[in-house]
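S.K.: Below are the features listed in Swiss-Prot for this protein:
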- GLN96, ASP189, SER190, HIS191, ARG471, ARG476, ARG601, SER664, ARG665: substrate binding site (BINDING)
- CYS382, CYS445, CYS448: [4Fe-4S] cluster binding site (BINDING)
- 542-555: compositional bias 'Polar residues' (COMPBIAS)
- 534-555: region 'Disordered' (REGION)
- 1-26: transit peptide (TRANSIT)
Amino acid sequence: MNSLLRLSHLAGPAHYRALHSSSSIWSKVAISKFEPKSYLPYEKLSQTVKIVKDRLKRPLTLSEKILYGHLDQPKTQDIERGVSYLRLRPDRVAMQDATAQMAMLQFISSGLPKTAVPSTIHCDHLIEAQKGGAQDLARAKDLNKEVFNFLATAGSKYGVGFWKPGSGIIHQIILENYAFPGLLLIGTDSHTPNGGGLGGLCIGVGGADAVDVMADIPWELKCPKVIGIKLTGKLNGWTSAKDVILKVADILTVKGGTGAIVEYFGPGVDSISATGMGTICNMGAEIGATTSVFPYNESMYKYLEATGRKEIAEEARKYKDLLTADDGANYDQIIEINLDTLTPHVNGPFTPDLASSIDKLGENAKKNGWPLDVKVSLIGSCTNSSYEDMTRAASIAKQALDKGLKAKTIFTITPGSEQVRATIERDGLSKIFADFGGMVLANACGPCIGQWDRQDVKKGEKNTIVTSYNRNFTGRNDANPATHGFVTSPDITTAMAISGRLDFNPLTDELTAADGSKFKLQAPTGLDLPPKGYDPGEDTFQAPSGSGQVDVSPSSDRLQLLSPFDKWDGKDLEDMKILIKVTGKCTTDHISAAGPWLKYRGHLDNISNNLFLTAINADNGEMNKVKNQVTGEYGAVPATARKYKADGVRWVAIGDENYGEGSSREHAALEPRHLGGRAIIVKSFARIHETNLKKQGMLPLTFANPADYDKIDPSDNVSIVGLSSFAPGKPLTAIFKKTNGSKVEVTLNHTFNEQQIEWFKAGSALNRMKEVFAKSK
């Protein structure tokens, strides 16, 4: 018998949504050269927005126009910001290779023959930075051959475009090839909002949400509030687009954007390039925002034209009123930032909202004992790897070279795409970086997501790195909890590489040239777009054929077909144990680490061995050490969870504020469910993670009174009661039984709607999908 499992279809819906192909409804301008039969939806959007405006009788923000323009039932949909659940029809789905594995495994499990909307897979997360671009790429292709083959064949069979390893980072590829003003895109990566730089609503989701959209099921989103950020003045000197979002993070903090779309407007918008706007939208993920967006303007027109999409730019220009906010549109909150007076910022360490203006950084560093010597400077990532970013950084490196200086730190450059890499090589920027002492890494995420084989410091050694990345959680980049990571612009990162010091202020401080003379760096200069046009480089796209075989070996340690989670048995969840009570920040990195664990993203059982590895146990202040409340023995968190599961003991986890902050990885929800968890009880959730938990049949619950967190002991037995009358808006009750026999009753809130309650009852959203499809046959 063949040792490979051949995947067959289980069921299928009665019909599929047309891919924007009706000329009577859709404009006949293709959305991408890679999808010539899918067309811009502006006429349909206009019609739907008119229906909604006639109902609401008020001006709309840009966010509302795009979102409501994609409503499944615009005539009847309840629309109330922060209250209603919207049922939406996104234009497309994008998946990166680490999350696409589980998304495609779930889609295959659904039994459907083809995706219902244009979709793509992008290979960017599984390439480790070690020796440099070409060598690292070759090594990654060899190590991940099985996974890349699975994604390529699954994409080909089910109608999903496949961007090969080396093509670039998902968000840069989307910006270059697929994003357009008015787009509604969902992507299985938290930095999907990058596409807002071209005027689209691009939203990070878990893989199960992507499966819904690919299966032609309306996508649900709680109607977001809208935070308006008015930009006045102009960017100038050392101040860059990155500083706008670093300042916003300072104002709103890591959870200030939760449940809201951040919409930029005002005269200052016109001084920012399209890729700069992408940078700002990208890091909106760090404030918990649903997404971020800019109005259509000439910067977007120029970028679309430069990337071979002039037809789209012209069509968008015709619909500019649709692609900008109405006069008098109402925002739930307005923040004003004057770009004339904005200064460069450096945020960190350990959190992206701890902001220091460049003139205060040295003082703050000395006061807090942050290491002043910078060990590594890293530019690039999905946040800052555009041609403009590279030209500005190169202009600073060139000044140093002209004075006989090179980088004092290790210096790495991550191009965002093959197109950016080929273009900066052609235009001589790569040579400047090489002469400066820099190493150009592969077109991939690399150190930004922890794919970095760092050798210059030992684990536990206190040190500082400066990056143009987006996140700097503890251990995020190099798995060293003692590394102090600071996030800033590529300009400031490069300047600090020259000085080697965190307290260096390039606006005021002097450097010593090779000949002993003193000099100051001049403000960076850059080009929004390459004067000679973009060089596309190597062709790295595989179009789907609609046929082929997808194989998953049962002996694989990288890929594993999914088994359905068990249904709810109709009873209250009684006498559960507390696996861990987490104290402090608990991001998706703490729940399901990335880095070396990325290789197991397609194998649920194996990756579950990283559950809560770096979360701090409130009981003992330690990581990965919890007490088995049945045996009394201490052990690793995953091993303890497995023991509970083997013994038929269900468990919960207790958490603090903004639980699940960070990435969209649904493994942070799948793993607790796989290892026997039934509920996560916290003070508050990050949006994407809360939805991911619901999708997997878990109960994400919040304390009605956050102070009740302090009443809970890790040794308590937990019962969640009232599930027989589980209903939207109706709190549940938890009873915590102490070791002395006393009980504490706690009210728990939830955000489940009726459909999500059906997910819980079925055991998962995927189980519920199969039930619905089976009934429709």
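Heads up, the Cβ atoms here are built off N, Cα and C, so glycines get one too.
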S.K.: Under DSSP, the region 'Disordered' (534-555) has how many residues in helix, strand and coil?
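M.R.: Counts, helix then strand then coil: 0 helix, 4 strand, 18 coil.
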S.K.: Hey, how far is GLN96 (substrate binding site) from CYS448 ([4Fe-4S] cluster binding site), Cα to Cα, in Å?
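M.R.: Rounded to a whole number, the Cα-Cα distance is 14 Å.
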S.K.: Roughly how many Å separate the Cα of CYS382 ([4Fe-4S] cluster binding site) from that of ARG601 (substrate binding site), to the nearest whole number?
M.R.: 21
S.K.: With DSSP assignments reduced to helix, strand and coil, which class does GLN96 (substrate binding site) get?
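M.R.: Reduced to three states, the DSSP call for GLN96 (substrate binding site) is strand.
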S.K.: Between SER190 (substrate binding site) and CYS448 ([4Fe-4S] cluster binding site), what C-alpha distance do you get in Å?
M.R.: 13
S.K.: Find, among the binding-site residues listed as ARG601, ARG665, the one whose Cβ has the highest number of other Cβ atoms within 10 Å in the structure shown.
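M.R.: Of the binding-site residues ARG601, ARG665, the highest Cβ count within 10 Å belongs to ARG665.
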S.K.: Go through CYS382, CYS445, CYS448, the listed binding-site residues, and name the one with the sparsest Cβ surroundings, counting other Cβ atoms within 10 Å.
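M.R.: Minimum Cβ neighbour count within 10 Å, taken over the binding-site residues CYS382, CYS445, CYS448, occurs at CYS448.
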S.K.: Report, in whole Å, the straight Cα-to-Cα distance of CYS448 ([4Fe-4S] cluster binding site) from ARG471 (substrate binding site).
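M.R.: It is 7 Å, counting Cα to Cα.
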S.K.: Excluding CYS382, CYS445, CYS448, please set out which residues of the same chain place their CB within 8 Å of the center of the CB atoms of the [4Fe-4S] cluster site, keeping sequence order.
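M.R.: Same chain, not in CYS382, CYS445, CYS448, Cβ within 8 Å: ASP124, ILE169, HIS191, GLY380, SER381, THR383, THR414, ALA444, GLY446, ILE449, TYR469, ASN470.
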S.K.: Hey, what's the Cβ neighbour count for SER190 (substrate binding site) at 10 Å?
M.R.: 28
S.K.: When the number of other CB atoms within 10 A of each residue's CB is tallied over all shown chains, which of the binding-site residues GLN96, ARG471 has the maximum?
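M.R.: Answer returned by the neighbour count: GLN96.
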S.K.: Rounded to a whole angstrom, what is the largest C-alpha distance between any two of the residues GLN96, ASP189, SER190, HIS191, ARG471, ARG476, ARG601, SER664, ARG665 that the record assigns to substrate?
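M.R.: Between the most distant Cα atoms of the substrate site, 21 Å.
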S.K.: Report, in whole Å, the straight Cα-to-Cα distance of ARG601 (substrate binding site) from CYS445 ([4Fe-4S] cluster binding site).
M.R.: 16
